[in-house]
Amino acid sequence: MGSTEIAPPDVPSFYETEISWDKLDKTKFYVVGAGIFSGVTLALYPLSVIKTRMQVASKDAVQKNVFSAFRNIVKVDGIPGLYRGFGTVITGAVPARIVFLTSLEMTKEASLKLVEPFKLSEPVQAAIANGIAGMSGSLCSQAVFVPLDVVSQKLMVQGYSGFAKYNGGFDVVHRIIKSDGVWGLYRGFGLSVMTYPPSSAVWWASYGSSQHIIWKLLGHGNEKKNVPSQWNIVYAQAASGVVAGAVTSCVTTPLDTIKTRLQVPSSSLLCSQL
């Protein structure tokens, strides 16, 4: 009489434990998402200020490197100079992120269902679904992000190398509409659409595929029905984010420089208009 095999407990693999949009707690999702993005923005905002100033600097004011630009900003404006326009960015970023995250998650779930019949490997499925979702989310949120970008960049460079000075974000909006109309807030919109949605697609595709590759390297593939620990989740997501950021930066930096110069006219052009 043959022995009866006891089936292993039905523990889902990591890929199967991804939460669908319908089952997601929307309140926690938006609150936690907005909080995380706000924290990241707070930490990285000084780098955005430095990058923007280096991109629009005239030949006389151009900085040799990031550290010299940092020293110059702190010397002239102090630490607050590294956060010029931060209030405007953080206020407008919340609705923009809500639009982005909603579109991202809904599109990702729909994309996963579309690619599932093709029986592709998990990294490929993740790359396709996340890439489509990232592009969709970025495309939908550009209507909010572009005006926010235009206003924040003008605040970042105000008083620097001959650029105009402003009394906050509302003053920037008022002056732009007065001189260029509402469309002035969407300066560089076409290039933003050409830059951010594709770069978002690259980032999310790289993130999704590298995450699944890392899971398999850590022994959490479909062949092993074990749930990863919280620390493994953190490590895998952090490493995937680094890979995605490195890949995306190679694609976006040249276009980002062109976009910034379109959105923030040169100081010589501003002087000729005064």
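In case you wondered, yes, glycine gets a Cβ from its N, Cα and C as well.
TrEMBL does not curate its annotations; it predicts them automatically.
Model, not experiment: these values are computed from the prediction.
What TrEMBL records for this protein:
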REPEAT    26-110  repeat 'Solcar'
TRANSMEM  29-50  transmembrane segment
REPEAT    125-213  repeat 'Solcar'
REPEAT    232-274  repeat 'Solcar'
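Taking Cβ pairs closer than 8 Å, the transmembrane segment (29-50) reaches residues 66, 69-70, 73, 81-86, 89-90, 93-94, 97-98, 101, 105, 156 in its own chain, all 6 or more past its ends. Computed over the repeat 'Solcar' (232-274), the whole-number mean pLDDT of the model equals 76. For the repeat 'Solcar' (26-110), DSSP puts the residue distribution at 73 helix, 0 strand, 12 coil.
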